[in-house]
Amino acid sequence: MNETLYCSFCKKPESRDPKKRRIIFASNLNKDVCVCEYCIDVMHGELHKYDNSLLALKRDRLRRMESSAYEEEFLLSYIPAPKELKAVLDNYVIGQEQAKKVFSVAVYNHYKRLSFKEKLKKQDNQDSNVELEHLEEVELSKSNILLIGPTGSGKTLMAQTLAKHLDIPIAISDATSLTEAGYVGEDVENILTRLLQASDWNVQKAQKGIVFIDEIDKISRLSENRSITRDVSGEGVQQALLKIVEGSLVNIPPKGGRKHPEGNFIQIDTSDILFICAGAFDGLAEIIKKRTTQNVLGFTQEKMSKKEQEAILHLVQTHDLVTYGLIPELIGRLPVLSTLDSISLEAMVDILQKPKNALIKQYQQLFKMDEVDLIFEEEAIKEIAQLALERKTGARGLRAIIEDFCLDIMFDLPKLKGSEVRITKDCVLKQAEPLIIAKTHSKILP
């Protein structure tokens, strides 16, 4: 005799009576879990309501993007002191002490300036809670930043680290992809579209964000003299950047791309956006040496060593950058200048181990998720650092090196549970396999 089934939700029994029909379906996975047709109808209705509300939210978000986005007040509740900002950078960026100081002070002054502007605005609105009697109503200029340093020296990382710490949106763009309006490529305004996307389409938040433009040296003119030919991605782009860097109202299409006369636009005021431009500036050291040397003819000048190039880059002046190919107007809008040194072998070893997000710590955590201990021998770490220096990719190239020799071991990682994987120098050079040691038996596995 079959047992009577009960619905796990309404607790009512199954009934085959045509007048009080209630058919119950039992789960194939768990026979103790049952549901009746009435409860299924109720759940279907609730899910339909949820889908409709979710669809409404998506439509509302799309409408914001298509029209004028939205504006919601965005203020920094607390502006950390320069020492505190540098301490944050110390956790992630190895070396570059002078650059970290310059960067921390510039970011602090920028957001202190924004805070002062907000207080002045509230004072003008006769807000009794704001007291600025000890301060004069002086207009404070924006302190945009120009970073000079080789690839992988930490330029982008510094900007990303402080933006994350301050919970400020940041947009990172490559200057080499930018072209003048009317030519194939990206318009300069697309940089602001990325910033708006990073701000979740909050215009107020975007207007207090950070824009990082890398490879700024790649859009330089070939000489100080103006070219008679069209300059699609050189001086023309610098002139277009000048408008947004100095602070102006810019109309940008909500979806990026090219502007259309009949399209909708989002208006962004760039006056309070912090612009950070960076580049390697290959060949700048020779320009500086030519200016500083007393040898007029220059025939006996010897080629500079790496250390000499780094030392002379710290002597850079505005005219050197003009000679390199940046227009004076753009340089004038980037008053804070800092030079980063290339990374030494010792610093590269520290980068692998010391930062909070150090690569070795990351890979050890990945292996630990499969209950495998990953050990790097000291000679192996030095060899990884040496390979990165030889490839001239800076710290950016470290991950590719580790991925290369760890690929096979990570492929078989799930079946190595409870083991220890030891990386040797020969393993890094791909002359030997990693040592896999079973903890329980303390011997090398085949």
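Just so you know, the numbers here start at 1 and follow the chain as drawn.
Just so you know, glycine gets a Cβ as well, placed from its N, Cα and C.
Here is what Swiss-Prot says about this protein:
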BINDING   Cys7, Cys10, Cys36, Cys39  Zn(2+) binding site
BINDING   Pro150, Thr151, Gly152, Ser153, Gly154, Lys155, Thr156, Leu157  ATP binding site
DOMAIN    1-55  domain 'ClpX-type ZB'
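Features per Swiss-Prot, on structure.
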{"residue": "Cys10", "record": "Zn(2+) binding site", "Cβ within 10 Å": "14"}
{"residue": "Cys39", "record": "Zn(2+) binding site", "Cβ within 10 Å": "18"}
{"residue": "Pro150", "record": "ATP binding site", "Cβ within 10 Å": "21"}
{"residue": "Thr151", "record": "ATP binding site", "Cβ within 10 Å": "17"}
{"residue": "Gly152", "record": "ATP binding site", "Cβ within 10 Å": "23"}
{"residue": "Ser153", "record": "ATP binding site", "Cβ within 10 Å": "26"}
{"residue": "Gly154", "record": "ATP binding site", "Cβ within 10 Å": "27"}
{"residue": "Lys155", "record": "ATP binding site", "Cβ within 10 Å": "28"}
{"residue": "Thr156", "record": "ATP binding site", "Cβ within 10 Å": "17"}
{"residue": "Leu157", "record": "ATP binding site", "Cβ within 10 Å": "19"}
Most crowded position, judged by CB atoms within 10 A, among Cys7, Cys36 as binding-site residues: Cys36
Alpha-carbon distance [Cys36 (Zn(2+) binding site); Thr156 (ATP binding site)] in Å: 59
Cα separation, Ser153 (ATP binding site) to Cys39 (Zn(2+) binding site) (Å, whole number): 62
Assigned element (helix, strand, coil) containing Cys7 (Zn(2+) binding site), judged by DSSP: coil
Minimum Cα separation from Cys7 (Zn(2+) binding site), reported as the residue among binding-site residues Ser153, Gly154, Lys155, Leu157 that achieves it: Leu157
Cys10 (Zn(2+) binding site) versus Lys155 (ATP binding site) - Cα distance in angstrom: 62
Stretch-averaged pLDDT - the domain 'ClpX-type ZB' (1-55): 74
Listed in sequence order, residues not in Pro150, Thr151, Gly152, Ser153, Gly154, Lys155, Thr156, Leu157 with Cβ within 8 Å of the centre of the ATP site Cβ atoms: Gly149, Ala278, Leu340, Gly394, Ala395, Arg396
Between Pro150 (ATP binding site) and Cys10 (Zn(2+) binding site): CA-CA distance (Å): 69
